[in-house]
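What follows is a short report on a single structure.
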Amino acid sequence: MKLVAVPICLVLGFISALFALDSALCIKGCQSVCIMSVPANMVSLILSSATLVPVATCLISAWLNARDQSHNEHKYLFKDNTRKRQVVTYLYASHLLSSWGDRMWAFAVPIVLMDIFVDTLLPSAVFSLATNVVCILTIPMVGHYLDKWNRWTIVKYAIVLENVMVVFNAIILGLILYFTNADGVHRPEWTWTLAMMFLGTLICGSLGQVLNDVQTLCIERDWVVVIAGPNNSTALANLNTFMRRIDLSCSILGPMAFGLIVDFAGGDPTTRAMVGAAVVGLWNIISTPLEYCMTHDIYHLVPALAVRASINENMSKEQTDSTRTRYLSLWSNFVKHPVFLISFSYCALYMTILSGGALNTAYLKWRGVSNSLLGISRGAGAITGLVGTIIFSYLQTHFKRVQHIAILSVWLFWLCLTPIPLIFILAKESITSDYVMLICVVISRAWLWCTDLAETQIMQEWIAPDQRGAINAMQTALSQFFYILIQFSGIIFHDPHQFEALVFFSLTAVLASALGFTYWGVKYGRFDNNSFTTLNQMRRSARLASHCIKSERTTFTSHTAKSNVISTTQELSCALTLESGQVFSWRRHTQEMKSWKGVIGRRVFALREYQGMVQFRCLYPLKLSYQEGYDELSYYFRLDMSADLLYERWTETKDQMSDIIKRLRGLRIVRQDPVECLFSFICSSNNNIARIQGMVDKLKATYGDLIYNTENSVENDKNKLFYAFPSVETLARKCDEETLRALGFGYRAAFIVKTAKQLQKLGGASYLNSIRDDKTGAYQEKLMVFTGVGRKVADCVALFSLEKLEAIPVDTHVWQIACRELDPTLNDRKSITPSVYRLVGDLFRARFAPQAGWAHSVLFAGDLSAFKLKTSDERNQMEKKRKSTKRKLSSKR
């Protein structure tokens, strides 16, 4: 995996800086360096400056990350699900690029159409109506498939195609201007050529809007949830808030920049419109590679984005349903979902003219309010919207649940608008009513955006991952339906003297919305944010468990069997991770060589590698939800860290070690229970993996609890009994050396008995956990107090269970690797003395820090003969040889 944003930013940043500098000098009067006219220089200065903001932000972020890595300040790529600086920076920068272009385009279209068609709003109204109707019809179906397709595949096509549609639209508008000889005074006559070109703008505009909504659904409703991390409401709120601030800032600055560009284009309406269309198209051409590359890097920096929640259990049935049936079923599922009421209530807020929109502005213009005051009010509304995002952040720290913020905000929004109908009753149409309306609308925007942020977070947290696209798409379609409804209301009450009726209608809609929010809060307010996400996942897990019990409970033998996805095989190789000698509680399935079963704590999981993905099932307990299972395995396999990034860094130097690491992609360091890890590696003394596994199994079967039994299953698998690892207290109380020796533990029996008693005296598992939290680096000494624990075992326990990724367990294999690859002079040493042990560890840490222990484990596995076969082309040759031998034996029989 290669990150591509930095090189693109460097190239475009250098070009933009040159154009910005040249344009600034020209505007200042340095004619000797001018390569363009003054109006063109103003356009160049605005566009290049706007480009430099996200480019500079990303380059600074990349530089800070490189500096931190060089000083070993970032010990973990993603520690405890915190968001990495580079991911968040790229997210904000790409959102800025997208939002800036969207706001300029939304502002430019009605202006350019008015310059073409002069004295009628009909083309603008048709354009707006067409884009909204197309979205209502298509977005629900598109959203349904967003939950099934690969996240990056969807977003990359949406980014490229949306910008292509905008560029095409700008070209078509330019052609209309050219062929109609638009002069801003005379309305052009409708011809077949003009009609076809206008139809082209409708098609490109509608497709562009659909693709823009797809990006919004993917990035703002799905990706940010994954980036924030599971059950991290604070991080999610921070992401949502900052992205909304970017939107509001662009809604001010984007139209302002477009207006300046058009004004500098001159007084000729045709030239102004042509320049306006060209500028929007040019911006989309510039921003597309930047937005694409930043989003590409976000996807590859966050491994969880490659994971889809589950395979839809009704997929085969849906493929036979008609489009109409599927469309109606989407609405049915939306209505039945617990978030429907609050989503419907939120969409009702679109059914108001008291928003500073076109109808509101047109009425105030008719009343004689000046253009400058209308423009100031629009800007003030955006500023109060920014204030609303600050208020939301403040309320987030004082309210336990975001639904309470939503209810409070929507009622305050309604209260801010109530003076408007009252003043219409008292003062009728007057200057007083005009200014009261302006002030109330501006103030209300703060609470509107606070409500928007709260509702957005509710939708993100209360919807299961495999339904986010479908449910949020339904909300998008519904909000656009209400927007169209209020526009039609404006057509019905088209006389400005009837505007009062629209005011009362709007306030009633907001009141109904507030009541809906309140009822939803009363009904569901006692639940945690993701209670219904968990409930829905539990229901699906229960159906899955029932299916497993009926047909060979734990296997993945059917390729169509429903299962949950945890990772990609490139990020997590089960064979390399589970069979490389770091964990001993997993076994391959007897019949399926690419599936494993194992115990984590008191939970039993089955894993399978299938079609490039790692799928999982929880065999015990059956009621475990998808999210709980995903969180457990994600923590266990350290999926919060990007293996791809580590492997890329480790293979930058071209040598034999890099070749080994490349072949062993997917080997991860697990986070085991420290107690189980300690006693497992005490058993490892002068032992091999198979024998260690046998000893650990005997220890669990003798002293642990039986938690899962498949002896009565028809499944042909020798691994039928699953035990939890015994507690320290149980081992200290029940273990005796004679029993363990009879079980085949040999001299290790005494180590286990003594260590169990020592650990109990020191505080049991809490003592080991205290070593995990200890930052002094004295973990080796604290572990070597136990009988049978030397340097190597201490480092194994520290590495595989105590978060000490700098620990390097050294044995003869590792010594040989160090002699061969790192320091040939080590061959002069006859044995692994304490000083040699430290020297070998330091060599690995110098080359691979700060995750040197991880890299060491990869190289250790690559040095084992079994893994050499499993990780090279010889594996395919061995498989062919095995099949050939089998055919020969069959023919002899």
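The backbone N, Cα and C atoms fix where each Cβ goes, and this holds for glycine too.
Per TrEMBL, the stretch carrying the note transmembrane segment among 87-113, 843-869 is 87-113. Residues of the same chain lying 6 or more positions beyond the ends of the transmembrane segment (42-66) and with a Cβ under 8 Å from any Cβ of it are 5-6, 9-10, 12-13, 16-17, 19-20, 22-24, 27, 36, 74, 84-86, 89-90, 92-94, 96-97, 100, 257, 260-261, 264-265, 275, 279, 282-283, 286-287, 290, 294. Ranked by Cβ pairs under 8 Å to the transmembrane segment (190-211), the stretches 125-146, 407-427, 471-493 are led by 125-146. Residues 44-45, 47-49, 51-52, 55-56, 58-59, 62, 90, 286, 289-290, 293-294, 296-297, 300-301, 644-645, 648 of the same chain sit 6 or more residues outside the signal peptide (1-20) yet have a Cβ under 8 Å from a Cβ within it. Among 125-146, 375-395, 471-493, 499-522, 499-522 has the largest number of CB pairs under 8 A with the transmembrane segment (339-363).
By number of Cβ pairs under 8 Å, the transmembrane segment (125-146) is matched best by 471-493 from the list 375-395, 407-427, 471-493, 499-522. Counting Cβ pairs under 8 Å to the transmembrane segment (407-427), the top-ranked stretch among 375-395, 471-493, 499-522 is 499-522. Residues of the same chain lying 6 or more positions beyond the ends of the transmembrane segment (499-522) and with a Cβ under 8 Å from any Cβ of it are 341-342, 344-346, 348-349, 351-354, 359, 363, 403-404, 406-407, 410-411, 413-414, 417-418, 420-421, 424, 429, 451, 486, 489-490, 493. With a cut-off of 8 Å between Cβ atoms, the residues of this chain six or more beyond the transmembrane segment (375-395) that come close are 237-238, 241, 244-245, 248-249, 251-252, 356, 361, 405, 408-409, 438, 441-443, 445-450, 453-454.
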